[in-house]
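Trainee: Quick one: the structure is below, questions incoming.
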Number of protein chains: 2
Amino acid sequence: MGIVGKEKCVDDCAEFACGGQVMVATTDMLHRSTDFVPGMTDWQAGWMSAAVTLSDIASMGAAPKYLLIAVGLDDWKCLEGVMQGAKDCCMKYGAEIIGGDIDRHNELTVVTTGLGLVDRRDIARRTGAWPGDLVCITGTPGQAQAWLDGYHQFEKYLFEPQPRVTEGQLLGKAGVSAMMDDSDGIALSLYDLMSVNENCGFALDLSKLPLPAGIPAERARELALYGGGDYELIFTIAPDRFPVDDVAATVIGTVTEKNAVTVDGIPLEKRGYQHRWE
Amino acid sequence: MGIVGKEKCVDDCAEFACGGQVMVATTDMLHRSTDFVPGMTDWQAGWMSAAVTLSDIASMGAAPKYLLIAVGLDDWKCLEGVMQGAKDCCMKYGAEIIGGDIDRHNELTVVTTGLGLVDRRDIARRTGAWPGDLVCITGTPGQAQAWLDGYHQFEKYLFEPQPRVTEGQLLGKAGVSAMMDDSDGIALSLYDLMSVNENCGFALDLSKLPLPAGIPAERARELALYGGGDYELIFTIAPDRFPVDDVAATVIGTVTEKNAVTVDGIPLEKRGYQHRWE
């Protein structure tokens, strides 16, 4: 998301009324040369394509409902695996593939459009962070990027991301003040959040950051702060609303009045993960 | 549409309940080498991308509401024109671009996902044709293909297709028995309709077929029957419901009990337009 301009697309999804609820909608284009890691199976490419879109829906606190999938193919043999992967991911998270398009293309290209539903009062957006709120993250950031560093025990995190669909809905109901997924890394996510929450900033406490296991500490911190390819939820929430039942999340900092992103008081670099396998 | 299998995607759009209405959803992938004609401007590529999706919505009798657009770019300079073309097309037909994605790609690739709304009793589908119904078409088929034949007075029909959005809704309300757009040509459209209306066929009367003007009769008939790139609506309707106020359409045949597509009693060839500019 993001093509339309800020007035429409601050969030991970667009939204509109659907009966008494809010429908959220998002579209993502992935393709072989920049998004699908060499070595991924067709099934994994399909899974990932669905997962990134379901993650956007999760980050709004919505329940995924429908997915449309357009597949451009340089090799028709890929189609079955890609579709099965997308279908399995949708099935796991309660969504249904309702339509699509196929086309010949010069590299595998998958565009997934997801639709989800959420009650108006439970919707989570990027805006709304408030000084004094906690900054939290689900799961352990940096594991997907760790695979690219050669720590191949983390393959599943990069190749078969698990969007936080259940957690997103629980967090929406619990009244998080702001939420997004961290697919570009924690650092860029926090800068994105700061850009739409103009009267606050984020102060991280490095000692609280969950780190990928089995990696030297300094490198692990680098991966956790700047690594991409994760689909965790990063959110802010009033202290009296945390923890949220059935959501495994870690407090990693606080929302400040100062418009800056810091780690242990030092400004965090504004950089993240650049996709490109070529 | 069509990737999911017949149980879900007989029609030009998928559908689901949205409040008391039906929301229809469709996605289309277009790209430079097979869909955008050499000579098209970026604006026209964007217009066409939106138009093909709005046409699918029109063919369900629905009002277009929202469009999401994913653009893969080999040249970032194209983006503004593509987006403006899509936006202008949406604005003309009452839809709004609510989200999107951009990505670097090795050729211009545009995936549009459209959402529309229709009252349950007004929805039009491909199924429902009945022996004795009239077979009708809006506008004049074959004009887009005529441009490719060198009749450059038809450029607008190929480069800037005008989806039959108003007509689709009026026809839905009027109770057409079956409807689709003719983007692959009349012949393939009728065979598609026959495949989902198993107990009937279509008998065309060649003398009734509207023909592109200024083209020798034999070639004009070939273009009208087999040419692609048009976005007219082809529909069947009970004789007592036709004509429909404010819809310019021509009766070109009747629905028969015999499971065949014929023109003046002779089987129509099952062929259509193959996109490929290379």
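One is the number of the first residue shown, and numbering goes on along the chain from there.
For all residues, glycine too, the Cβ spot is worked out from N, Cα and C.
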Trainee: Of A:D56, A:D74, A:D75, which one shares the Mg(2+) 4 site with A:D12, A:T26 in TrEMBL?
Mentor: A:D56
Trainee: Here's one to test understanding: among the binding-site residues A:D12, A:T26, A:T27, A:D101, A:R126, whose C-alpha is closest in space to the C-alpha of A:D184 (Mg(2+) 5 binding site)?
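Mentor: So, spelling it out, the nearest of the binding-site residues is A:D12.
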Trainee: Relative to the Cβ position of A:D12 (Mg(2+) 4 binding site), how many further Cβ atoms are located within 10 Å?
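Mentor: Excluding its own Cβ, A:D12 (Mg(2+) 4 binding site) sees 27 Cβ atoms within 10 Å.
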Trainee: These are the binding-site residues: A:T26, A:T27, A:S183. Which one scores highest on other Cβ atoms within 10 Å?
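Mentor: Going through A:T26, A:T27, A:S183 one by one, the largest Cβ count within 10 Å is at A:T26.
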Trainee: Would you mind sorting out which of A:D12, A:T27, A:D35, A:D56, A:D101 (the binding-site residues) have a C-alpha within 10 A of the one on A:D181 (Mg(2+) 3 binding site)?
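Mentor: Those close enough are A:D12, A:D56.
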Trainee: Out of A:T27, A:D56, A:R126, A:S183, which binding-site residues come under 8 Å of chain B, measuring Cβ to Cβ?
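Mentor: Qualifying residues, whose Cβ lies under 8 Å from chain B: A:T27.
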Trainee: Which of the binding-site residues A:T27, A:D35, A:R126 has its Cα nearest to the Cα of A:D56 (Mg(2+) 4 binding site)?
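Mentor: In terms of Cα distance, A:D56 (Mg(2+) 4 binding site) lies closest to A:T27.
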Trainee: For a quick check of understanding: among the binding-site residues A:D56, A:D101, A:D184, which residue's Cβ has the most other Cβ atoms within 10 Å?
Mentor: A:D56
Trainee: When you put A:D12 (Mg(2+) 4 binding site) at the centre and draw a 10 Å sphere around its Cα, which of the binding-site residues A:D35, A:G100, A:D101, A:S183 have their Cα inside it?
Mentor: none
